[in-house]
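Q: The following block contains the structure, expressed as structure tokens.
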There are 2 protein chains.
Amino acid sequence: MSQYHPLTEAEAIEIARTINEVFPTGEELVSKEIGDGNLNLVFHITQPATGASLIVKQALPYAKVVGESWPLSLDRARIESEALVKQGELAPGLAPRVYKTDNELALTIMEDLSDHVIMRKGLIEGGVYPKFAEHISEFIARTLFFTSDLGMNQQEKKRLVESFINPDLCKITEDLIFEDPYYDSPNNNIEAHLRDAAEAIWADEELKLEVAFLREKFLTNAQALLHGDLHTGSIFVTPDSTKVIDPEFAYYGPMGFDIGAVFANLLLNYASQEHWSADEAARRDRRAYLLNTIRDIWTLFEAKFRKLWNEHGADRVFRAPGYQDSYLSRLLQDTVGFAGAKTVRRIYGLSHVADIDSIPDAGARERAQRLALSIGTSLIKHNRKAVSIEDLLDIASAAVAK
Amino acid sequence: MSQYHPLTEAEAIEIARTINEVFPTGEELVSKEIGDGNLNLVFHITQPATGASLIVKQALPYAKVVGESWPLSLDRARIESEALVKQGELAPGLAPRVYKTDNELALTIMEDLSDHVIMRKGLIEGGVYPKFAEHISEFIARTLFFTSDLGMNQQEKKRLVESFINPDLCKITEDLIFEDPYYDSPNNNIEAHLRDAAEAIWADEELKLEVAFLREKFLTNAQALLHGDLHTGSIFVTPDSTKVIDPEFAYYGPMGFDIGAVFANLLLNYASQEHWSADEAARRDRRAYLLNTIRDIWTLFEAKFRKLWNEHGADRVFRAPGYQDSYLSRLLQDTVGFAGAKTVRRIYGLSHVADIDSIPDAGARERAQRLALSIGTSLIKHNRKAVSIEDLLDIASAAVAK
């Protein structure tokens, strides 16, 4: 079976049966393919007699997006699997357990998280996740710090950079986030009523200069092993638990890209609150919850990151007075900029978000879209001037007040 | 013969004989081992009957410096060889031709350049190289531009980053340039009369903060494939020809590190002019020649780099108005900072330069050393404020005038 081919359900069951720690007994296994079929096969394997279960995820050798199909390296399955293992080691309990990896078959067998909900869906349904800021700040602080030159052996770090070279997946980000939205590209997915807003962005030279700086950082700044796609669709939650999944975009890049991704997706949900037209107070409360979550994440992240640095800093040169403060300042600025770029592209780029696209009322959807574009472009333009997380929150608040 | 072992002269001759383009006829070959024995064996193979010759260079699995010996990866021979080939393709005529590589034996068979002189020696002897600025600016502009995200396919660039991961050699730079000189490290090689100057640097927090920023760039900023050790001992010259050799430190790093290395070594020679105490006018002329060479290199480099960008720029996002100017400004600042760091470490770090150490008069040598430290530390402190190459030249002139 070891030569690559897309698995049948029978084969997925056969492989799942080898995971003794989940299925120590021989009762029947049942498979259900639950992937969206665009990038991966995802088999949910259960043992009805015991209630035990796991996930078999297999990469497909192509990507299908809006009907197009292009080849995509199967090496991404190795990268995803190695990133999951690394993240699980560095942030225990915050990534799914990996039971087995098979690089030849491009598959990872891992913990079943079907008792969790995808956070994007949870937020759309009005869910509240009181542990989320604590958990995600822990995840980003520990995975970023301990894979960076600040927190690990700097020669071993270079070997990690080598194993996480990820051209195919980085190309998707470079195109869809740092290029297409700023040109009249056929990859964009622009609703007719937003064309004027897109055209205004294409003509905005100040904005495009800042996008060039952000693109440069994404291309060259090998700070830490990133998740690379840390939106709310890559996070499973319950009120008590957070699990970060799907790190197939993992590579060595600028830390602010991961933090900015979390903030952008909370801001997209913030913008989507336009559809609650019936109850202004509830809408205001929901938005306050989202902004407070962003503030909490940054505040907790910064405190944890500084503590890790002070306790586990691997480099005495980086103890120079003022350096840590400068590092965190620049990281905040990167975070603000990347949050902006990740917000803009979700409104009229190739790939949108359900938070906004699922708003049934056309007027409310358009208001949400324009609000998100206003926040996103303001963050991009402000990024190198940001001095505090309050700058980001003020931009979000001011955009609503307009 | 293919399993690794240090070659005998007879074996070196046997391998050289396979290079038909140099030795098409069967006459006798003669070998002379001309390496310094610390890092590599270097066999100079000649054919007396025809006058043909070549170099067989073989990496040794250890480094010997001031009596110490530590293991060093043989993979550096592959890196050196691949870098030579790449640089030769991108900057034709400015790197030695490579005839053959054998990664198993860690050897490179290449063009014999014994009609050239090592530039450091040439400068010490008062040589003038009217083509040097033209040639070296061409070398750095083309090798840096065409290996960067500005000038090549950005997915292929990631594969180059992967093949030039070079932990062992980077570690030497990280220690000897970006750490040891700023601490009372046993790796330093401090003459007793300079101890006060070293101690002043160890106590200079402003300076050490700037060194932390430079170290960060060296560790994380994968801008271009660097030579990695571009001092005047890695450059062969004649009045008409320039050949850059020994790129075993090649890796993806910040462009300013290569340019700064050239400038630092011209500035070290500039500082060494203290020994010409007999003739003030000749000394002034020599210093003017060195500063003019630096100015010419930067001016030519900048013009060539901008022209390459305008004609071969591979990325439309980087055409944003203002971006190219910002890129060159930041590159100049990096260059100033790295030039400073590469100057300081040569005065009391592990490895000095003959320009200064060979000054016979103790008083003149000390004046040269203090002058170099003054220039180096000023460049480091000024780097983020530099706006023009004149800033660097002014610092060098002002240090002499003190």
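Note that Cβ sites are derived from N, Cα and C of the backbone, with glycine treated the same way.
Just so you know, TrEMBL annotations are computer predictions that nobody has curated.
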Q: Quick check on the annotation: TrEMBL has B:Lys57, B:Glu111, B:Asp112, B:Leu113, B:Asp246, B:Pro247, B:Glu248 binding ATP, so which of B:Asn40, B:Asn265 does it put in that site too?
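A: The record-listed residue among the candidates is B:Asn40.
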Q: For B:Arg345 (substrate binding site), just give me the three-state DSSP call.
A: helix
Q: Would you report the average pLDDT that the model assigns to the domain 'Aminoglycoside phosphotransferase' (B:32-269)?
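A: It averages 95.
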Q: By the DSSP assignment reduced to helix, strand and coil, which category contains B:Asn40 (ATP binding site)?
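A: SS state of B:Asn40 (ATP binding site) = strand.
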Q: Going along the chain, which residues six or more apart from B:Glu111 (ATP binding site) have their CB under 8 A from its CB?
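A: Once residues fewer than 6 apart are set aside, B:Glu111 (ATP binding site) is near B:Leu54, B:Ile55, B:Pro96, B:Arg97, B:Val98, B:Tyr99, B:Lys243.
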Q: Could you tally the C-beta atoms, other than its own, that fall within 10 angstroms of the C-beta of B:Asp229 (substrate binding site)?
A: 20
Q: Can you tell me how far the Cα of B:Glu248 (ATP binding site) sits from the Cα of B:Asp229 (substrate binding site), in Å?
A: 8
Q: By a simple count, how many Cβ atoms lie within 10 Å of the Cβ of B:Asn40 (ATP binding site), its own Cβ left out?
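A: Around B:Asn40 (ATP binding site), other Cβ atoms within 10 Å: 20.
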Q: Taking the Cβ of each of the binding-site residues and counting other Cβ atoms inside 10 Å, which one has the highest number: B:Asp112, B:Asp246, B:Glu248?
A: B:Glu248
